[in-house]
């Protein structure tokens, strides 16, 4: 009522809903956050399922439409009131996002909204103090500036943003140029107005006509206020920003030209059409401002940008979008910082050409001219360069994106892109292009072959027939149905029912779709720490039955030839490759895609069905050819691939932060869905779930789809919702297309025509490229028709939807390629799904492994080779598992390997790497954990042990035989026997160091070793001690002090002490781990190896036992030095000194080797050598040498008389008699004794 009363006076109506402070919206956000607790903030996303946004938006839209219908001359603005003092950017960013999405959607639907307004509300004081006024002015200026600086989300919005500022003297003193500059920086079309409200007037208009569904989500009203605009400050014109200098550089020449930029169309004027193939011929292309502008700034940042694509596969794609986007980016940067210029150096590289490899410098501290700042990489290459540690994580930039735009970038990205671009729990790339696979089929063939097989009726594949609507197994469009249809078509036409492509590794895409649909993951990871990838299963192939339908299709002629006959013949003539090298040298040349399409016709055609990239096929079958249709691929999975933006980390370290920020700003511009570049790079779909490709509404395909729709539509009834939120039903007449005319839609509904066209006579609309009011052209998209209408003197559209979607028949479903591509995108998955991308995936392509599998199944190599399907799959698995293995020398990689049986001749085991490919530096052999009995070391040890025992027994026999000889008597018979048997015990210990280890052997080693060493050292010590007591004593009584009984007792005590310690050690008392243990040992060129060893030298008890022996050796050495001057017949001190020193050296050496290595072979070898040397050094000195003297009768003359000592010590008197002057003259030396021991 108010609008009707004031419509002649009101020229502008500002609809103010104050959404920024709307409590209902706050509740929406809280509910969304509660639904997604893993995301800290969840912006409202435009989609059909959003129950919060749509009611709010529809109400706003209805208000604007109603206001416009009352008075078409009124200017309607959408206004938000801002109180900077209470506005919190962190909390209110999502509300700004909602505002942006509503305005963006209003503009998309051509709702007559003039502009977006932000009206500032300040709490101004009435103080007259100049200082306070100045401070308040600064606060106002800073708060407005801060708010505008946070509006990056509204960049490139195709409408003005009006900033309404209260008109008073404080505001008028503000420097507005500062605001304009920040608008330039955020690419916002700014308009500033000083306003004041009409006195005593504020009207509130309540539009309470929404239904209960709206009431459940909303409770606020829209307010209307009238403002008088006193003055305006517009965005200043751009300085000379239309010109760009583009230089194309060859190896030895350059060609530069200046192009003008059209900011309305976002493109360079008169710029020639380029494809990637064209750009690949140039070394680099430089885009920058003209030289005179750059020279004036004298501050130029150069940004290197590589576009790395598969030239063979995608070389014919248009590439002009690169230059159009970069030119706009350079201009935006110049406006933000007029004193700084940017030049972009673009190079197109071939991802399949090793000469085009980027970032080849291994030292990250060195400048790498091959490493760009920014690159567009294929999904395979992203994981390759990530593995080389050449990429920068984009996580922090994605967080900044949310702060700038209020939308989490992750929520926009298509969900399965996660597996290609999110690696090691971080975003390494932002997707930009996407490739999927769709079905193509010949509808004429289907019609002709319907009656060929009466048991299997041919239905057009989905979405063309309602047969596939039900979800039963019989009516499922799966691979079984696909191959059955192919066989029927083959039998019917006598040509292969499946047109199969092999160029650009299409076999791999085909197989991955098939495998994922039949419930087999293409690549899996094992449970090993290294997470080794492998084909399908860790075990043997047990799913060959699922491949039988594919095997049958390859063998029964349902699939055409896709490999050149010459390659097959050459493969058959040569022996079947048995090594990886032979496999790599076997090359299968593919028939090109175009030649495949011409195999059975003069022009490109598909006899039956094909699975292919629609972007490749559209040049052959663009829907003007009504025979070839696009449809859904069989099964539950399509192929997902594409390219993404990455930022490298290997260059310009001194300005790394600035360069990476510039690079991500360029990425942000490329993926901005309000600009054409994302849409130009993708033909039908985009990798962002909230972004519909704008080309789908503008391509010539829609003309064909419009014709096709009207030609086949069943229902002529259409409906739409009018401005009053009521359904309006209209009838239309369909006129089919002809060879000379497009299809027509005739509307005769007088009420409808009077309301929307101000006439009652019928209107004839014709299918066209775009809705056009003058030409009465309509377009079709997604089961709807866009009718051109004139609204407020603006050419806009009214969308009417067909009631075909209420019929059971599916024959009129939307069959546009755009819709089909979008449906396939929803089920498209990367080959390695559900794993993230990894660098070795490209090896499956490069080595043509799938082609080899298909060739082995389809063709017989020779008569004597006829493998089963399981054997072919096993071979394929073996090849895939091998080629996707990482390199064993990669950083921090934990190798997993098996070892062969120990080779007896070399004491080594062959290493068979399981989870990696060995490099030249990798160990191919490793030492065994033991010395085999048949090894030469063991044989020689047994020979020496045998000689030792034989010689010892001979020595014992001779000692007994010559026991009364002077040499034996002087040396001591008892001493010699104890020493000899001690060496026997020590020799036995060597046996237990040979052969495979065990706990028993480990215990016996130390038992025999300790007992043997204790008795050898102990016997020598006690002998030296007795000699010392006799010859060095000052009293003759000392001659008789150390009796033999005492000697045996002492030696027994030594052994008891050692045996107690040995028992404690054997029983593992106070020890944490057993002596014989299993452990892992790291080898630099091998990895972690499982070892078994006898860890006897880390035990405290063993250390005490050897310390005890060591102390005895030191004491013996000291005594030997003390008695070195006694008569030579009794003086072995020179031998003992040498022997003790040698014993110390040997024991220390054994300990040293056992400490520095856990390798049991080296420990055993060290011990065997040391113990044998100790035995060889000890026995000859103390035993064999005396026997040698007896045999050779080498007796020295001596004044010493050998008597029976017992006759001298039978009475105390005789002891007294021995104390004579003659005894004293010999310094106490006994000159008449029988034996010392």
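Cβ atoms here come from the backbone N, Cα and C positions, even for glycine.
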TrEMBL annotation (transmembrane segment) - matching range among 1135-1156, 1201-1222: 1135-1156
Transmembrane segment range according to TrEMBL, out of 1078-1098, 1162-1182: 1162-1182
Of the residue ranges 1026-1046, 1047-1067, the one that TrEMBL records as transmembrane segment: 1047-1067
Sequence-remote partners of the transmembrane segment (1006-1022) [C-beta within less than 8 Å, at least six residues beyond its ends]: 975, 978-979, 981-989, 992, 1047, 1050-1051, 1054-1055, 1058-1059, 1061-1062, 1065-1066, 1075, 1096, 1102, 1105-1106, 1108-1109, 1112-1113, 1115-1116, 1119, 1136, 1139-1140, 1143, 1147, 1167, 1171, 1178, 1182
Across the domain 'G-protein coupled receptors family 3 profile' (937-1164), average pLDDT on the 0 to 100 scale: 75
